[in-house]
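What TrEMBL says about this protein:
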type	residues	note
DOMAIN	16-156	domain 'Molybdopterin cofactor biosynthesis C (MoaC)'
BINDING	M76, C77, H78, M112, E113	substrate binding site
ACT_SITE	D127	active site
REGION	155-188	region 'Disordered'
COMPBIAS	164-173	compositional bias 'Low complexity'
Amino acid sequence: MRRDPDPDRRVDRGGMVEITEKPSVGRRAVASGLIRLEESTVEAIKNGEVEKGDVLTVARVAAIQAVKETPRQIPMCHPIPITGVEVAFELLPDRIRATVAVTSVGKTGVEMEALSGVSAALLNVWDMVKSREKDETGNYPTTVVDEIRVVEKRKGKAGESFCPGSSSSSNGDPNGGHRRANDGSSRR
């Protein structure tokens, strides 16, 4: 376990990190995760045949809402200004990958916001397709949320111009170099 190099930054041993003196800089984090589903469920999502409605639209809105509400769910997260959220889905034969990119100009990173967004997106996919995924006992033998992780974290330096939405490693791709999903949507 890494120790904080400056333990005096903490309000107390169990509180939020003190960030008053930190400069505001551009911040970006990208998180990704997947949900494993029956192939027939993924096909139903692609074809707009899910009874509860448009699965990916609901998951996208849930991700954005979760990003903005992160400090309500994770008590030690600072409420910070979110300047952008991008949500992408990649539909594979037996799974859906969600990627959430979050940008901010602030005093602390946005990786927890990106992770919250991905988690909410995947949980909402599950909720939308529950009836298709249940077996005869009411259980979910195939459905698994997995591989939730931060795939990119960037921060500018004080006094330098930094556009958190661009990345030299991703050639300016707002999704951090991750292929945009074929989710049937032309929106970005």
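In case you wondered, yes, glycine gets a Cβ from its N, Cα and C as well.
Residue counts for the domain 'Molybdopterin cofactor biosynthesis C (MoaC)' (16-156) under DSSP, split into helix (H, G, I), strand (E, B) and coil, are 49 helix, 48 strand, 44 coil.
In this structure, the binding-site residues under consideration are M76, C77, M112, and the one with the smallest number of other Cβ atoms within 10 Å of its Cβ is M76. Take the recorded positions E113, D127: by the count of other Cβ atoms within 10 Å of each Cβ, the lowest one is D127. Mean per-residue pLDDT, taken over the domain 'Molybdopterin cofactor biosynthesis C (MoaC)' (16-156), amounts to 98. Those residues of the chain, other than M76, C77, H78, M112, E113, with a C-beta within 8 angstroms of the mean position of the substrate site C-beta atoms are T70, P71, I74, I80, T108. Take the CB of H78 (substrate binding site) and look out to 10 A: across all protein chains shown you find 15 other CB atoms. Spacing of E113 (substrate binding site) relative to D127 (active site) is 21 Å (Cα to Cα, whole number).
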